[in-house]
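Copied over from TrEMBL:
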- 1-23: signal peptide (SIGNAL)
- 125-147: transmembrane segment (TRANSMEM)
- 159-182: transmembrane segment (TRANSMEM)
- 194-212: transmembrane segment (TRANSMEM)
- 224-244: transmembrane segment (TRANSMEM)
- 250-272: transmembrane segment (TRANSMEM)
- 279-297: transmembrane segment (TRANSMEM)
- 309-327: transmembrane segment (TRANSMEM)
Amino acid sequence: MARRRWIVLLLLALAGLVGSLDASAGDVDPVYKSCVEKCEQSGCVGDQCFQHCKFSSDGKPVDGPWYMQEPLYLRWKQWDCRSDCRYHCMLAREEERRTLGGKPVKYHGKWPFLRVYGIQEPVSVALSALNLSVQFHGWLSFFILLYYKLPLRPDKKTYYEYTGLLHIYGILSMNSWFWSAVFHSRDVELTEKLDYSSAVALLGFSLIVALLRALNIRDEASRVMFSAPVIAFVTTHILYLNFYQFDYGWNMKVCVAMGIAQLLIWAIWAGVTRHPSRWKLWVVVVGGGLAMLLEIYDFPPYMGFVDAHALWHTTAIPFSYLWWSFIRDDAELRTRTLLKKVK
């Protein structure tokens with residue numbers, strides 16, 4: 001009983017934080033803005049000058065012959081004069097802040113990270129790739145269990161009623177982590193929208209899975225009735241972000257609210273069910289709730305590489321592994337139960 005009260009208090013605390021989330025505005029520093037403006041005109045920050053500033057934003061030379069065009073690989077990565085000016089002005093301004101005893105601030109919605117071989121957030125990229133591999137392993141092991149280890153129906157379909165839903169969940173999870181890796185390697189408008197949209201789609205579908213499994217909804221009509229409002233809301237939110245206003249604060253509130261909702265659903269279900277693997281759900285719920293605090297209580301990157309978001313990526317690895325382990329256990333349990341009824 002004490003454990004359930006602790007879970008409820010954690011979720012209520014997270015819910016209370018939703019209203020306090022807001023967008024970042026760290027790039028309004030007049031010293032930084034002045035540095036960027038001067039760099040775009042002169043092509044230099046201090047003693048460091050950039051070849052990109054001899055070209056316009058579309059890669060064409062401002063002056064000089066055709067063979068002086070921007071290299072193709074740099075145009076593909078979209079490192080242009082403005083990108084380099086912002087990056088090096090940010091580093092210069094942060095060095096001034098450290099000298100004066102100030103704290104780091106965000107620039108254009110992001111902490112001041114150090115690039116490695118042109119990759120903006122190398123630690124987050126590596127962790128996103130690792131999460132992608134964990135999701136692939138989890139989905140593949142689930143697939144092998146259902147179709148090669150557990151008995152099938154006479155029509156070659158599985159006995160587990162949530163097979164299709166969890167295949168879609170696996171695909172959305174892998175898609176989300178793929179675009180996370182791309183976005184953290186190079187933050188441009190397209191990669192940002194693909195990353196955020198993929199994450200919202202995954203959270204929305206995870207909420208649907210939580211509702212349908214916790215309420216044990218198996219017939220198609222009821223599934224459509226429960227899923228339709230969530231799908232409509234998620235679709236509207238993604239369209240709003242992509243075609244009306246990309247509001248970071250509002251998007252964070254929506255994501256945290258959907259995350260809290262599904263954690264609460266799983267916590268209640270784990271508290272009332274007698275599922276033999278319910279302890280795995282408890283670990284995921286408690287750990288996921290605590291990990292969500294890393295997304296809310298953000299902090300600057302340590303040594304320019306590891307911030308709160310990177311740590312959240314780290315926590316997602318064991319919880320994802322445990323989550324797929326629970327799904328496999330659930331598939332085995334439901335298959336055994338249905339086979340007993342058939343016999």
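A Cβ is built for glycine as well, from the same backbone N, Cα and C atoms used for every other residue.
Ranked by the number of CB pairs under 8 Å to the transmembrane segment (279-297), the listed stretches 125-147, 194-212, 250-272, 309-327 are led by 309-327. Note: the stretches the transmembrane segment (194-212) and the transmembrane segment (309-327) are not in contact (fewer than 3 CB pairs below 8 A, sequence gap of 6 or more).
Within its own chain, the transmembrane segment (309-327) has Cβ neighbours under 8 Å at 121, 123-124, 127-128, 130-131, 134-135, 137-139, 141-142, 166, 173, 180, 277, 280-281, 283-284, 287-288, 291-292, 294-295, 298, 301, counting only residues six or more beyond its boundaries.
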